[in-house]
Amino acid sequence: MSGIAAGLTGFAVLLVLMAIRIPIGVAMLAVGLGGYGLYTGTGPLLAFLKTSTYYQFSTYSLSVIPLFVLMGEFATKAGMSRALYRTAAAFLGHRKGGLAMASIGGCAAFGAICGSSLATAATMGQVALPEMRRYNYSGALATGSLAAGGTLGILIPPSVILVLYALMAEQSIAKMFVAAMVPGVLAAVGYMIAVAIFVSRNPEDGPAGPRATWPERLVALRETWSLILIFALVIVGMYRGWFTPTEAAAVGAFGTGVLAVTHGGLRLSGLMACLRGTATTSAMIFLILLGAETFNAFLAQTQTPMLLAGAIQQSRLTPMLVLLAMLLLYLVLGCVMDSMSMLLLTIPIFYPIIAGLDFGMPREDTLIWFGILAVVVVEVGLITPPVGMNVFVINGMAKDVPMLESFRGVLPFLISDIIRIGVLIVFPIVTLGLVRLFG
Amino acid sequence: QEVTLRVHHFLSADAPIQTGVLEPWEKTVEEQSGGRIDVQIYPSMQLGGRPPQLYDQARDGVVDISWTLLGYTPGRFPVSEVFELPFMSGSATETTMALQEYQAKYLGDELKDVHPLLIHAPAAYKFHTKDKAVAAMGDLSGMKIRAPSRTMTDGLNALGATAVGMPVPEVPQALTTGVIDGAVIPWEVFGSLRIESVTQDHTEFGAENGGLSTSVMALVMNQAKYDALPDDLRQIIDANSGAALAALAGEAFDAAEDAERQKALDAGHRITVIPEEALAEWQAASQPVIDAWVKAVTEAGHDGQAMLDDARAMLATAQGQ
Amino acid sequence: MAEDLTEHPHPVPLPGWLAALCRFFAAIGGLVLLAMMLMTVISVTRRTVLGAPIPGDFELVEIGSAIAIFCFLPWCQSTGGNVLVDFFTQKTGPRMNHLLEALGDLLYLLIAGLLMWRLIHGGMEMRQYGEQSMVLRIPVWWSFTIVIPAMALLTATCAATMIGHLKKAKAA
Ligand code: NA
Ligand code: NA
């Protein structure tokens, strides 16, 4: 079987397995391992597996995930998430869909610390989901806004993926961070507008609460100031260079843990419950990461991504069409691969192609602009049906919401994404303006 | 094609190892074999796994050829660590040439599970710091410096700095965020790591003094794959490995080193050179690390002192040429 | 009686000892994660106040996170925590869905067994080669003394959930 046929067969089998209730991580592992063994040989596969699982779980940059999940568990146990949402409700709750907007703002702020969409969605979901459900938000809007909000994290610096892109495309990390700022803010604002439009059409999905008075708002703030302080410490600490993301997560988990003990009455049995909750969510995410990594290794063996890229390069299309084709490919690949592996796989091939095309701006600007577009599109892949990792993760936490409903919930955000991608493509200055200002 | 050789490494496709060594090698091998050998280069760990697994991937036939740093599996290749010791390195060409001799004499046993195509080294590592220049040994006190290897971890601690062990990809962000104050790395990785925007000060030990430290790099081939090659194709591989490839690698890494250094100079960065008369102090301070290596290797059944003396002599010879 | 459709496997009863073991491993993993958190907080504080982090803090996090995640896997499987797509099987009925979930468990069982078998070899090789962490020189194979029992437990748990689903399919 040719490489590309093997790769496409792998994709097809993966889709079938996922359709018949095989857990997503297991399906990816099964196809990845099976494909690897059939295409490359069982000897190499068995040798590869001797240590690959260990090293996959023993990765510094991924250790941020269980720590942030633990922080969310503590924040929930401390009753702080409820207090936080009471505060959010005090300020935004009188609007229709106000808590969904607050979730998006929270995701954007949180993602700025964390840099992982899955971890952002999982952590904010831990805190925000029960609260939105308590305020009678529909499953669609609650899970949709969190899944979409999770994708904001990766754009707002410091972002691991932007660093990765900068490294691979030989661009300055600082410039990549600056370039991501306006698109990141645009994304958050676009999502909030999407919520507003969604609830104006379906008012029962995100009901407006009572309007709080200013004294009430201050009381609510007083209940949450310690948690806000911890979040501020985590965020400012990262920007001021006090911690790495993992360290910020550890500090945040520690702080919320102390709060849970002092304010939430956390005792040994509660602590063990927090740890078990962390265990479930972390294991679920890491099984998916392991599956994606394995499937990715198989795809690389078949050279499918490279052959697809080669076909694009030889097609003699206009630069804009090549760009659109690449972005489309990202959207499709985004269904099954985690963003990081996908970029790792494709950027080394794509960026020389892009750098060689004439978009009417300097090479460096082209590469920065393409990087932001690629990261945005890869992130959109996390919430597109039929396979959207963020939707799976958030939906996994809302046991009573069917998957279809969650995908219905992300639809308005997807529309907002498509408009935003259009703006970023047509007006490169949106991405490059700040870079030129500070450069 | 008759034979496909899949080459796996952890750096990006535009790193000097790929553009300056692997791609020219690919071209030569493919041409000389009349297209019977097809070399496929997979950068950035595309075939899966993490950098510490690369050596075993070649040994076990997961890939046919891998390029890695022997120091990524600390404790596994103690004999080759001699060139990681403080002040045991020069330019890429010099250390690489010395390594060819050292490999022939001492590394056969350590690398017996694979067919080594090239054992080499980049140019000697320098200090690259963010807010404070390292002009004298005392300046290191209290500075958090990322160490490239286990040996240099001990070396930096001996010199008064606080060594921080962290994966290479973390370095740029750790520098940006102040988790570390500096890093011990060669100039050559600046391009791929984008470090030049976060470090302003650079400290070198003039090449004639021997550089601060280096890493031993290895391009190794699966033994069974090598043995199974038809005689004429094996000759082509032989003709393009070892000493033949060493010169190419030395030049490529030195050229990349000079280019990145020049870029930093053009951007107005400060370069401090530790004068030769100050070097004795540095060497004395780091001597315990060398002693510890000799002791550990001797305890493992080798003649550590002889290896060290030989390595020094080989490096001196290479530097004399 | 039709069961509710969820995006998780349906819960199935497990033998008491197995559930207790899964809980125990989750607790070990959780305590390792807590220790990792405390170590990091102390290291950050020391770095900020004294300018000297805990030596080897990065590698301790890497080792700790590997142990924690391996210990979490059986618990997640025992509680039906893994995510699946329920979009296409909303009308297939509980019997078919239990059978499909048993198939998923069988696949996971085979994969977990395979990974465990390979990890035993990997751990033995690491021991033989004396592979160590960079700063603290902790032998890497030490963590395998927890990783491998965790994988064995995961394999057993997959078998138990598979049997549970088969029983439920039969009863449905
Ligand atoms: Na971020
Ligand atoms: Na998708």
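Cβ atoms are placed via backbone N, Cα and C, with glycine included.
No curator has checked TrEMBL annotations; they are predicted automatically.
Per TrEMBL, the features are:
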type: DOMAIN; residues: A:11-428; note: domain 'TRAP C4-dicarboxylate transport system permease DctM subunit'
type: TRANSMEM; residues: A:12-37; note: transmembrane segment
type: TRANSMEM; residues: A:57-76; note: transmembrane segment
type: TRANSMEM; residues: A:97-119; note: transmembrane segment
type: TRANSMEM; residues: A:139-165; note: transmembrane segment
type: TRANSMEM; residues: A:177-199; note: transmembrane segment
type: TRANSMEM; residues: A:219-236; note: transmembrane segment
type: TRANSMEM; residues: A:248-266; note: transmembrane segment
type: TRANSMEM; residues: A:278-300; note: transmembrane segment
type: TRANSMEM; residues: A:321-354; note: transmembrane segment
type: TRANSMEM; residues: A:366-393; note: transmembrane segment
type: TRANSMEM; residues: A:414-438; note: transmembrane segment
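Comparing A:12-37, A:57-76, A:219-236, A:366-393, A:414-438 for CB pairs under 8 angstroms to the transmembrane segment (A:248-266), the maximum falls on A:57-76. Here the transmembrane segment (A:366-393) has long-range neighbours at 15, 18, 24, 117-118, 121-122, 125, 143-144, 147-148, 150-151, 154-155, 159, 161-162, 165-166, 169-171, 175-176, 179-180, 183, 187, 284-285, 288, 323, 326-327, 330-336, 338-339, 342-343, 347, 350-351, 354-355, 357, 359, 403, 406-407, 410, 413-414, 417, 420-421, 424-425, 428, 431-432, 435, meaning same-chain residues at least 6 beyond its ends whose C-beta is under 8 angstroms from one of its own. Relative to the transmembrane segment (A:177-199), the listed stretch A:414-438 leads the set A:12-37, A:57-76, A:278-300, A:414-438 in CB pairs under 8 A. This prediction places the mean pLDDT of the domain 'TRAP C4-dicarboxylate transport system permease DctM subunit' (A:11-428) at 82.
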